[in-house]
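The following features are taken from TrEMBL:
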type: ACT_SITE; residues: His205; note: active site, pros-phosphohistidine intermediate
type: DOMAIN; residues: 3-92; note: domain 'DM10'
Amino acid sequence: MADDARFAFIVEWYEELAARTRTFQFFYYSGSKSIEMFDIKTRKMFLKTNISASPIELQDLYIGASINVLGRQLKIVDFGDEFTKRKLMSKLERTLGYVMPNSLDKLGEIIHAIYDRGLLISKLRLCKVEHNDAYRLHEEDNKQSAMNINAITSGPIVAFELVGENAVQRWQELVGPTDPSVARSEAASSLRARFGKDLLHNAVHCSGSPSAAARELEYFFPSCSKATFTNCALGCNTTLCLIKPHAIKAGLAGKIIMAIQDGGFSFNTIQMFHMEKANVEEFLEVYKGVLHEYPGMVSELASGPVIAMEIISKSTDNVAEAFREFCGPMDPEIARHIRPRTLRASFGVNKVQNAVHCTDLPEDASLEA
């Protein structure tokens, strides 16, 4: 590729004030990381900028991705030209994976392994699959259909979309053979070798082919309608944790979830999503006029995907307070001196990019969660 190759996409932006969706040509220059946007209807330039403070990387740009440009949440809906399609199609293959009910306590380790392999998690959610849907999901797998259906419907699972070059094959290799006993002899470092117990409890699922991946992704992350999965949220003696965009982009989400699980906490529900700037401003309004970092806090949460978790714990009657202590002081530098084992001490960069947001006031826990 040229040093400043131009990649073209079609993006959509929902303009709240006008209550309309606008479509743009979006040009990204890989060398300078600069951006140009043209309104497709008027053919006039809408925006030209160099996002040097929070650079968008080429790997962030794929069909279905949401990116934030100067407070505008853009959704990439198509390639903009044949050059971009030809260059990026194989590099941006998508596939589906999910963690089985019996292995949710290993979710952090599994996510860390995914990032370590160089794959990107673009979507993630906890859900409960019903029997009828499970039959449809495994219609191509006649031999183990009943076994898979019993496993997938025995409790909540965490499903995710993975993006990367040859993602289907690379995810299959990371997962390993279907039978964990075979995996331990043939692929000892695979996820099923490490976390699987038997054929029924083999830790994780991977799509068998690109066509299967497309079908399964449409079920878990439908393109045209909202999914109707059972809501697993409790809302009683729970609290909220948001893994911030900078930590996700740095590949730290798995390590943070591992630390949370090792710290005696778990989650009742978990989901990756993007927050519009207006929603972030409302969510963080309690800090407006109180913390001078407020504008930066808003920009950070709106800059990319967040992972939200409803945190629970069996070891305390006040989860909100216990988890706030576990997160540590807002300033990671202070945390590293007085609370070195906290999340912000371990994974934070500064007061704005401090790895996680947690509920500060116990009375707000049920509202945020």
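From the backbone N, Cα and C atoms, a Cβ is placed for every residue, glycine too.
Note that the structure is predicted; figures quoted are calculated from it, not measured.
Mapped onto DSSP helix, strand and coil, the domain 'DM10' (3-92) counts 13 helix, 44 strand, 33 coil.
DSSP assigns His205 (active site, pros-phosphohistidine intermediate) to a strand. A 10 Å cutoff on Cβ-Cβ distances gives His205 (active site, pros-phosphohistidine intermediate) a total of 22 other Cβ atoms nearby, all chains included. Across all of the domain 'DM10' (3-92), the predicted model scores a mean pLDDT of 88.
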